[in-house]
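Please read the structure below before turning to the comments.
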C-alpha cells in the first residue's frame, strides 16, 4: 500500500495557489504583475524547447515498432475524419449561439471610428496564410530548420517519414531505434524537471494578464466573454460528452484525469505547455504510442474545437456590434471560409486572432477594423479556447484509438476510475512514455 502524497506537494494544488496569487498580485499591484511576465514567457519557452524532440521520439518509436504499416495510414485517415466532423460541429454551434444570444446587438459602433492600426499586424499576418501556403509550409526547407523553429507540423512530417524509413531498414535500424528510445527517456525526464516550475510560470502569466489588462476589461465586453465561456462548457459537456458516452467512457472522468494539464493551460493560456504531458497521459490511458504520436500533434492544428467556436462567434459579434448586416448567404460563406482557414490556426503567434483577421479579409463583407473591439479581451478568451482544445484532443485520441482497435479498454477504465497518478510518480518503468528494456523488434 502506497502513501498518498501531501496536498501541498501536488502540482494540481500548487498551480491553483499560483493562479490565485497571480490574480491578486495583478489586481492590487499591477506594475508588479506586469513585471512578472518573464516568468510565464520563460516557462513556455522551456516547454517549447523540448516539444520537437519529444514528438520526434514518440512518433518514430511508435511507427518504427509497428508490425503493419497500413495501420499508420488508417490511423491518420480516421483522425482527419474525426477532426473535420467535430470542428465543423464546433463552428456551427458557435454560429448558432451568437445568432441566438446576439451579444453585439445594440452597441451601434461606427467601424470608421475604430483604430485599425491596432490590428494591422494581425491582418498582415493573416493575409499571408493562404491554403496552398499552409500546405507547402508543412514541408520543412531543412530538417534542422523544422526543429529550430519548433514547427509542430514540420517536425511531425519529418518524424513520420523517418519512422517509415527506419521500419524499412529492419534489424539494421534497430540500434538507431534503441538510441531514440533512450533519448526519449532523457527528454521526458527533462519535462519532469521543467514541470516543477509550472506554478511559477502560471503565477507570472496570470499576474501579467490581470496587471496589464485589468479586471475592468473583463466587464467591458463581458457579454461576449460569458457567452463564449458558456458555449465552450456546453460543447465539452454535451457534444464531447455524447461522443465519449458513445465510445464507452465519461468526459467528466477524462477531465478529472487531465486536470493538472488543464490547470497548466489555464495558467499559461498556452495549450502547447501541456503537449508533452498529454503524450504521456494518453499512452498511459491505454492508447498505443503510434496513435498518440500521430493524433495529439496533428490535433494541435486540425482539431481546435475551442478556436472554431471562437472564430464564428467573434466574426458575427463584430458584425452585430458594427451594425453590419449578415444574411444567411453571408453566414454560410463565413462558415465555408472558416472550414479551411481554421485549419491553419496552429504554429502561428496569436493564432486564433490571426486566423480571424484572415477570415474577415477573405469574406470581405465584414469590417476588419472591428477586430479592435475584441483585441483587449482576446487574451482572456484564449484561456477558454486552449482548455476546450485540450479536452477535444484528449477525446479525439481515445476515440481514434478505439476506431483503429489500438486501445486497451481495461486500462482506460482503470485509469479513469483512479483519476490518474501524477506523472512524477515513478512506480512504473513506463511512466516516462517509453518502456524499459530493448526497443521493439522491427520485422
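Any Cβ shown, glycine's included, is placed from N, Cα and C.
Given the ranges 269-289, 332-352, 395-415, the record in Swiss-Prot names 332-352 as transmembrane segment. Annotated by Swiss-Prot as transmembrane segment, the relevant range among 109-129, 130-150 is 130-150.
Remark: the transmembrane segment (46-66) makes no contact with the transmembrane segment (354-374), by the rule of 3 or more CB pairs under 8 A. Looking at 152-172, 224-244, 291-311, 354-374, the range that has the most CB pairs within less than 8 A of the transmembrane segment (78-98) turns out to be 291-311. Comparing 10-30, 224-244, 291-311, 354-374 for CB pairs under 8 angstroms to the transmembrane segment (152-172), the maximum falls on 291-311.
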